[in-house]
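Quick look at what Swiss-Prot lists:
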- Cys82: active site, nucleophile (ACT_SITE)
- His169: active site (ACT_SITE)
- Glu171: active site (ACT_SITE)
- Ser223, Gly224, Gly225, Val226, Asp227, Ser228, Ser229: ATP binding site (BINDING)
- 5-195: domain 'Glutamine amidotransferase type-1' (DOMAIN)
- 196-385: domain 'GMPS ATP-PPase' (DOMAIN)
Amino acid sequence: MNKELVLVVDFGGQYNQLIARRVRENRVYCEIVPYTTSIEDIKEKAPKGIIFTGGPNSVYGENAPRVQKELFDLGIPVLGICYGDQLMAHSLEGEVTSPEKREYGKTDVNLDNSSLLFKDMKEKDQCWMSHTDYISKVPKGFKIIATTDECPCAAMENVEKKLYGVQFHPEVEHTLFGKKMLKNFLFNVCNLKGDWSMSSFAEQQIKAIKEKVGDKKVICALSGGVDSSVAAVIVHKAIGKQLTCIFVDHGLLRKDEGDQVEKIFKDQFDMNLIRVNAQDRFLGKLKGVSDPERKRKIIGEEFIRVFEEEAKKLGNISFLVQGTIYPDIVESGTNTSATIKSHHNVGGLPEDMEFKLIEPLRELFKDEVRAVGEELGIPHKLVWRQPFPGPGLAIRVLGEVTEEKLAITREADAIFREEIAKAGLEEKIWQYFACLPNIQSVGVMGDERTYCHTIALRAVTSSDAMTSDWARIPYEVLDKVSRRIVNEVKEVNRIVYDVTSKPPATIEWE
C-alpha cells in the first residue's frame with residue numbers, strides 16, 4: 001500500500017514533534033527529516049506536502065540552516081512556520097528584518113479568509129507568536145494574507161506554486177484556529193485523502209520487521225508497560241516464536257506487577273517469556289547512588305547486561321526490541337533540542353551494546369501507541385495501563401534507593417491507584433503515582449510525636465506527554481487517599497499533592 005506522505009523538515013524548533021502529531025491527527029502519515037536532506041532524497045520519498053518547522057536561528061546567522069532553492073520548484077506544496085516562513089522568504093529573495101522589539105505570546109491576527117489556508121475562518125483571531133525577525137518584504141509572486149500590529153507579514157502565499165508561510169505557530173493550542181489551518185493546508189492545498197490509520201501502521205511495521213529479521217532470533221525488553229507490550233505484540237505477530245521476551249524483575253516494580261506481567265504474556269499471548277529475578281543485583285548497583293541521572297544510566301546499563309547474559313544462554317540473538325516512543329527521543333535530546341533528562345530507552349544504552357535495535361513505536365505518540373494496541377487486540381485494561389518509566393520506582397524514590405523506601409512507595413502508590421480506579425478516574429487522568437521525596441517531617445499520631453516520611457502524589461492530564469497539566473482530582477478522593485496512606489503505611493505521616501504543570505516541571509520527579 002502506497003501511503004500519502006508529508007515531510008516535516010526539522011530546523012531545530014521546540015514544537016517539531018507537535019507539528020507531526022497535528023498532521024497525524026488528520027490521518028495523514030508524516031516523517032520528520034533533517035533540513036540537510038537532499039533534493040534527491042526528497043524526490044525519492046515523493047511527499048505530497050512539506051512543512052518547514054520553526055527554529056532558534058536567524059536567516060542571517062553564519063551557521064543558519066538552509067535548504068536548496070530548487071526545493072521550491074518541485075511542484076510540492078510547502079508550508080513554512082516561523083523560521084521556516086522566514087527562510088522561504090529569504091531563499092526566494094524577499095526581505096527579512098530584525099525589529100526593535102520581538103513578538104512573543106498570544107497575539108491578535110488579521111486573516112484573509114479568501115486564502116485556501118484560512119478558508120472558513122474568522123477575519124480576526126488569536127495566534128501564538130514567538131519570533132524576533134520578521135518578513136518586511138515578500139518575494140515576487142507572493143502576497144500577504146495575515147497581519148498583526150507588530151508584524152506586517154504574519155502569513156504569505158504564492159498560490160501558483162502552492163507555497164505558504166506563517167510567522168505564528170499553528171501547531172500549539174494557543175493558536176485557536178491552528179488545527180483548522182493545518183487541515184486546510186493538508187486537504188485544500190495538498191489535496192490529501194487522509195486514509196492513514198493505526199491498522200495500516202501495524203501492517204507496515206509487521207511487514208518491515210519480517211523483512212528485517214528474516215530467520216534470525218530476537219529478544220524483547222519487556223516491562224509490562226503499554227509501550228513495551230505493544231512493541232512485543234507487533235514483533236510477535238511478525239515473527240512468532242523467533243521472539244523471546246525477557247522480563248527483568250529488578251525489584252523496582254509496582255505492587256504485584258511482576259506476577260501480572262508473567263501471567264498475561266505467557267498465558268494469554270503464548271509468548272516465549274523468561275523472567276529474570278534481579279532485585280539484589282540492581283539494588284547492589286544502586287547502593288549509595290542518589291543522583292537521578294546516574295540512577296537512570298546504571299539501570300539502563302544493567303538492563304542491557306542482563307539481556308546480553310540471557311541472550312548468550314539462548315544463543316545467536318541478533319536483535320533487541322524496545323518500546324521507545326517519540327517523547328522519549330525528544331526528551332533525550334537526540335535531535336537539535338536540549339537534553340532535559342536521559343531516557344532509559346535512549347540515553348542509558350551502553351556504547352558496546354551487542355544487539356541491533358528494533359523500535360517499532362519510535363515514531364508514535366502515546367495515544368497512537370494505545371490505538372495500535374487496540375487494533376492488535378491487546379486487552380483494553382493493559383492498553384490503558386498507567387505509563388511507568390523503565391527505571392521504575394528508582395526514580396520515584398528520591399535520593400538513595402533502599403528496600404525499605406521501595407516498600408513504602410509501593411504501598412502508597414497501590415492505595416493511590418486503587419482509589420483513583422474506585423472514583424472512575426483511571427482513564428481520565430493521563431498518569432498518576434506516588435513518590436517518596438527525601439524528606440521527613442514532624443507529626444503527631446496517637447498523642448505521640450512522629451518523625452516520618454512524606455509521600456508526594458502526582459497526577460497529570462495530557463494526550464502525548466509532551467506537555468501536561470496537573471489533574472484536578474476531587475478533594476474527597478484526595479482526602480480518602482491521604483487518610484488511607486497515613487493509616488496503612490506506618491512510616492508515613494504527611495501527604496502532599498503536586499500542582500505543577502509540564503513545563504516547567506517534568507511529569508516524573510527524577
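For all residues, glycine too, the Cβ spot is worked out from N, Cα and C.
Sequence features, as recorded in Swiss-Prot, placed on the structure.
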residue	record	Cβ within 10 Å
Cys82	active site, nucleophile	26
His169	active site	24
Glu171	active site	26
Ser223	ATP binding site	25
Gly224	ATP binding site	22
Gly225	ATP binding site	20
Val226	ATP binding site	24
Asp227	ATP binding site	26
Ser228	ATP binding site	24
Ser229	ATP binding site	27
Self-check item: Cα distance (Å, whole number) from Glu171 (active site) to Gly225 (ATP binding site)
Solution: 29
Self-check item: Rounded distance in angstrom between the Cα atoms of Ser223 (ATP binding site) and Glu171 (active site)
Solution: 33
Practice problem: Take the C-alpha atoms of His169 (active site) and the residue listed as 'active site, nucleophile' and report the distance between them in angstrom, rounded. | Solution: 7
Self-check item: Whole-number Å value for how far Val226 (ATP binding site) lies from the residue listed as 'active site, nucleophile' (Cα to Cα)
Solution: 35
Exercise. In whole Å, note down how far the CA of Glu171 (active site) lies from the CA of Asp227 (ATP binding site).
Key: 25
Quiz item: For Ser228 (ATP binding site) and Glu171 (active site), what Cα-Cα distance in Å is obtained after rounding to a whole number?
Solution: 29
Quiz prompt | Model confidence over the domain 'Glutamine amidotransferase type-1' (5-195) (mean pLDDT, whole number) | solution = 92
Self-check item: Cα-Cα distance linking Glu171 (active site) and Val226 (ATP binding site), given in Å to the nearest integer
Solution: 26
Practice problem: Measure from the CA atom of Glu171 (active site) to the CA atom of Gly224 (ATP binding site) and give the result in Å, rounded to a whole number. | Solution: 33
Quiz item: Taking the center of the Cβ atoms of Ser223, Gly224, Gly225, Val226, Asp227, Ser228, Ser229 at the recorded ATP site, which other residues in this chain have a Cβ no more than 8 Å from that point?
Solution: Leu222, Val230, Ala231, Ala232, Gly323, Arg385, Phe388
Practice problem: Calculate the distance in Å between the alpha carbons (Cα) of Ser229 (ATP binding site) and Glu171 (active site), and round it to a whole number. | Solution: 30
